[in-house]
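Heads up: the structure comes next, in structure tokens.
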Amino acid sequence: MIIRSPEPEVKIVVDRDPVKTSFEEWARPGHFSRTLAKGPDTTTWIWNLHADAHDFDSHTGDLEEISRKVFSAHFGQLSIIFLWLSGMYFHGARFSNYEAWLSDPTHIGPSAQVVWPIVGQEILNGDVGGGFRGIQITSGFFQLWRASGITSELQLYCTAIGALIFAALMLFAGWFHYHKAAPKLAWFQDVESMLNHHLAGLLGLGSLSWAGHQIHVSLPINQFLDAGVDPKEIPLPHEFILNRDLLAQLYPSFAEGATPFFTLNWSKYAEFLTFRGGLDPVTGGLWLTDIAHHHLAIAILFLIAGHMYRTNWGIGHGLKDILEAHKGPFTGQGHKGLYEILTTSWHAQLSLNLAMLGSTTIVVAHHMYAMPPYPYLATDYGTQLSLFTHHMWIGGFLIVGAAAHAAIFMVRDYDPTTRYNDLLDRVLRHRDAIISHLNWVCIFLGFHSFGLYIHNDTMSALGRPQDMFSDTAIQLQPIFAQWVQNIHATAPGVTAPGATTSTSLTWGGGELVAVGGKVALLPIPLGTADFLVHHIHAFTIHVTVLILLKGVLFARSSRLIPDKANLGFRFPCDGPGRGGTCQVSAWDHVFLGLFWMYNAISVVIFHFSWKMQSDVWGTISDQGVVTHITGGNFAQSSITINGWLRDFLWAQASQVIQSYGSSLSAYGLFFLGAHFVWAFSLMFLFSGRGYWQELIESIVWAHNKLKVAPATQPRALSIIQGRAVGVTHYLLGGIATTWAFFLARIIAVG
């Protein structure tokens, strides 16, 4: 008989077949709620259906069930993303001029959409060069594809099919992990394991495999492309991977294989893992060898980070211990209790993630132009403007979302009885001081930033240019920004002795990179005009934060409504008979925050668009003379409100306004239509519910008279529904108007 030690018990972390798969639910709209499942009595039903369909908290109070629904929905989201990506790649394969663009990216514009002639729409197919007629695209996919080493439309086609397969796989996973093997709550709360897997797996191995792809596939293919080799002559990706001699012809150290790695002679690899800084003068993008080096380094960091947290082996960090040790002399209990909050409230978790991701997205927007990562991206001005604008809007929305979910956490998940003297409790206890100080800052910034402009407008109108704030009269130079620029410009050889050039040409240093006679990037001068508009940025950002933070800190209670938590996340007023208590819910703060976010981002993208056209983008003559698109007018024109209206909005709108009859005419129609959508929003925002209810009742009377009254009783939108429809159209109209204005302008002149 053999005596064995008892086997360690394996934790079962899934439930088998918890929810029956049935399509019957699909036929019962509102099946998740007892009230909605009864069907519509009034037209309010359809609005409530939309409002609550994804509010899993309202379907059940069981955290495990909520977690499973969210987890499953994430797979659905990934499936849609793969489907969308597949569509992008399919368009590149089937309807684009990618191969032609690859052969001459400086003279041929990217296009992946050809409009069918039905009743004259083929006018939209403009000549993008090389004899191809289509819509010029500004998504940056062509540049991304070239950087990743795609040389033919067949490769794009195969990738599109691959993405479709992945979309199907994700759809299956979403079904499987809800209906067949659903994780237990403990699995969702195992944060150390999650951190290890996400850091080492997603970020670590993800970066490592991308670095591997770049070294073995992208670098050699881009070497050939830069040297002018016909894409059809270049070996296929798998040939580089399977045949080391091919790579060794381009990078001799490949002949030695992994020997330098194991003998610690790493400098051998310096020919394809570089640390150059600056831009490649051939393509105007970052050096791809720098990018490969970066991803390898990032991979190492994340692989190490993914082994830091304590799971089955009893070594490493525990998140709870880290958080509870995190307290200083002035912070009471510090982060004690935060672990419990973040493992039981997904709103709190989501709020943090949205805030981080939103900030990161805005950082990405700025890096995309200052350090353009892909070949021929920097000289494609339409794409540069689109990428910046897109990432700024997305970042703004994510940050407002962070405040929204923080407020939902406060209302639904925060338990004041168990929290005492931790950081969150301390912030809530001195919220009046925080909000009143922030309010003072907003008033100060608003009056002073606008005051500088109004002063300039007045002096300009009185014909007293010598009394204006400008680079040629009373200077307000942004000395701190210039100091930061200078530090970075002089870093190579000083604080960064290994680098040959500074991280970005925008810092200064005098050099300019031009590709095919177009400026890719040059040092960006900052002056009084930038100082003024930066204070407008500070103002709009602080007001957005004031509104959102007030919504979070006063989500549960306020002096006006001490029992606000009982009223929920969104409510119109504190009941009848209490005047002056409308628009105080956390939801209303998010609503107002969205408008200020829109203000803030609009000023940023206007600043960027004009500054780049004035001081960066343009052409360069054989003698080295740079001619900018708007001839450097930013410094003198943007220092008055009138200048912004006349020389930016009005002057640059001429392309979109005069686009009729040209291939840009769709932008003219969008410009008009989006203005209409925006104006339509005002009808919802500036009108009371009672007005519409009265109108509806007289229309219902007429229907009754004619015996055609519907069974479902018509109702005016509730106050909150009306505001939701209003803000949606306001933002949609505003963003689409800006999009049409920017693109018609930059495609025409860029």
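From the backbone N, Cα and C atoms, a Cβ is placed for every residue, glycine too.
Model, not experiment: these values are computed from the prediction.
Taken verbatim from Swiss-Prot:
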- 70-93: transmembrane segment (TRANSMEM)
- 156-179: transmembrane segment (TRANSMEM)
- 195-219: transmembrane segment (TRANSMEM)
- 291-309: transmembrane segment (TRANSMEM)
- 346-369: transmembrane segment (TRANSMEM)
- 385-411: transmembrane segment (TRANSMEM)
- 433-455: transmembrane segment (TRANSMEM)
- 531-549: transmembrane segment (TRANSMEM)
- Cys573, Cys582: [4Fe-4S] cluster binding site (BINDING)
- 589-610: transmembrane segment (TRANSMEM)
- 664-686: transmembrane segment (TRANSMEM)
- His675: chlorophyll a' binding site (BINDING)
- Met683, Tyr691: chlorophyll a binding site (BINDING)
- 724-744: transmembrane segment (TRANSMEM)
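Here the transmembrane segment (156-179) has Cβ contacts under 8 Å with residues 17-21, 68-69, 71-76, 78-80, 82-83, 85-87, 89-90, 92-94, 98, 145, 150 of the same chain, all six or more residues outside its ends. The number of other Cβ atoms within 10 Å of the Cβ belonging to Cys573 ([4Fe-4S] cluster binding site), over all protein chains shown, comes to 17.
His675 (chlorophyll a' binding site) sits 25 Å from Tyr691 (chlorophyll a binding site), taking the C-alpha atoms as the reference points. Contact between the transmembrane segment (589-610) and the transmembrane segment (385-411) is present: at least three CB pairs lie under 8 Å, with pairs separated by 6 or more positions in sequence. Cα of Met683 (chlorophyll a binding site) to Cα of Cys582 ([4Fe-4S] cluster binding site): a span of 19 Å.
Here the Cβ of His675 (chlorophyll a' binding site) has 15 other Cβ atoms within 10 Å, regardless of which shown protein chain they belong to. If you measure from the Cα atom of Cys582 ([4Fe-4S] cluster binding site) to that of Tyr691 (chlorophyll a binding site), you get 17 Å. Between the alpha carbons (Cα) of Cys573 ([4Fe-4S] cluster binding site) and Tyr691 (chlorophyll a binding site) lies a span of roughly 18 Å. A coil conformation is recorded for Cys573 ([4Fe-4S] cluster binding site) in the three-state DSSP classification, outside any helix or strand. In the three-state DSSP scheme, Cys582 ([4Fe-4S] cluster binding site) is classed as coil.
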